[in-house]
Amino acid sequence: MSQTNQVPKIGFVSLGCPKNLVDSERILTELRTEGYQVVPTYDDADLVIVNTCGFIDSAVQESLEAIGEALDENGKVIVTGCLGAKENQIREVHPKVLEITGPHSYEQVLSHIHHYVPKPSHNPFTSLVPEQGVKLTPRHYAYLKISEGCNHRCTFCIIPSMRGDLDSRPIGEVLNEAKRLVNAGVKELLVISQDTSAYGVDTKHQTGFWDGMPVKTSMVSLCEQLAKLGIWVRLHYVYPYPHVDEVIPLMAEGKILPYLDIPLQHASPKVLKLMKRPGSVERTLERVKRWREICPELTLRSTFIVGFPGETEEDFQMLLDFLTEARLDRVGCFKYSPVEGAKANELPDQVPEEVKEERYHRFMQLQQQISTERLQEKIGKVLPVIIDEVDEEGAIGRSMADAPEIDGAVYLNEQFDVEPGQIVRVLIEHADEYDLWGTIVEQ
């Protein structure tokens, strides 16, 4: 075969959060549609794309290392993603990068690829691109990104400077994508964005259309429509606006999963004010109590930052007291670290590293105890579990309380007659700090 007829091959490295993963899926889908072949090794690739993360310093370092590796192993590299918004920082370390674009610059990335590795004239791969596009997740679950950007200006965050203000996708487009994914075999949709509860705010919640029917562009309307698809629907990155209360009844009725991922960040009003986050802890506790009264099965996940500038021992104790009272099911904790360009860098009273470390361990120790107690309460119950994989020891799945990658798992030892994506009923027999063990019962 002559050189001109060879199928051009692209290598791809995707880093960062699920939102970045969705961006990678979109670029890969376009490449496959245009006839490019995506290959798993640097040696086989004519060009390598690195989709970067730039949210915190460790992510920046990982991205720079990935770019360096791609340059060393291949030599022709295009960079995109969040770190791409800081072109000078990349060029300083890796001047040989061919092109750099920011996040969700799909057309720009493709244009650069076309320049360095022209599109094939004959396209034998179009028929092989599935209707739902190229997915980087297992077949039975997928991320559904409903918007880009964020209108908040949290002092620890630089996302708006990289991804811009809130830009909601048309609701008809989102629901069409959801329907395609379900038709392709997806059993669980994970709704993601920078701020899921703000969906539609930028469009003044304009009315869109789906299946010939008018639908309001809002999180609640979206949930009502997704509920009709007959699959698991899980909400992530939900800012605690008042209208979040409206989705709890949908969870209680079994229409969407009883699971809320709400990044609360802290419990001290002073620290929350320094972060530019909403700060009524009493109101948050009242709402948590009310949500659980409406939907007793509700799982609450949150993330917090310890060691934020100005955080005193008293502030930190308020956070521990909040954890004790709220008894959240799933919690992530980060030690504050300066992010280039974040307003928090300018705040006085930076907390020493050894104090951050000590507070982090105290926080995790308390939450581990709470998590253990919450999971012990599940022993003896029968829970729906979605199977993720089957290995030599048995099946591994997740309950409604477990999102992939970030939460716990349900282990079904010696259970081999199931397959990924199957939802089974499991009697829970054992629990530790984060995971459950059980046996499948008759369906």
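Glycine too: its Cβ is placed from the backbone N, Cα and C atoms.
Counting only same-chain residues at least 6 apart in sequence, those with a Cβ under 8 Å from the Cβ of Cys82 ([4Fe-4S] cluster 1 binding site) are Gly16, Asn20, Thr52, Cys53, Gly54, Phe55, Gly102, Pro103, Ile159, Met162, Arg163. Per Swiss-Prot, [4Fe-4S] cluster 1 binding site is recorded for Cys17, Cys53, Cys82.
Packing around Cys157 ([4Fe-4S] cluster 2 binding site) is summarised by its Cβ count: 22 other Cβ atoms lie within 10 angstroms of its Cβ, all protein chains included. Marked as [4Fe-4S] cluster 2 binding site by Swiss-Prot on the basis of sequence analysis: Cys150, Cys154, Cys157.
Positions annotated as domain 'MTTase N-terminal' by Swiss-Prot: 8-118.
The domain 'Radical SAM core' feature in Swiss-Prot is assigned to 136-373; the stated evidence is sequence analysis.
Here Swiss-Prot flags 376-442 as domain 'TRAM'.
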Original post:
Cα distance, Cys17 ([4Fe-4S] cluster 1 binding site) to Cys157 ([4Fe-4S] cluster 2 binding site), nearest Å?
Top reply: 15
Subject >> Residues near Cys17 ([4Fe-4S] cluster 1 binding site) in space but at least six apart in sequence (CB under 8 A) >> reply: Cys53, Phe55
Original post:
For Cys150 ([4Fe-4S] cluster 2 binding site), which residues of its chain lie six or more apart in sequence with Cβ-Cβ distance below 8 Å?
Top reply: Cys157, Ile159, Pro160, Arg163, Asp165, Leu166, Gln194, Asp195, Ala198
Original post:
Looking only at Cys53, Cys154, which of these binding-site residues has the biggest number of Cβ atoms within 10 Å around its Cβ?
Top reply: Cys53
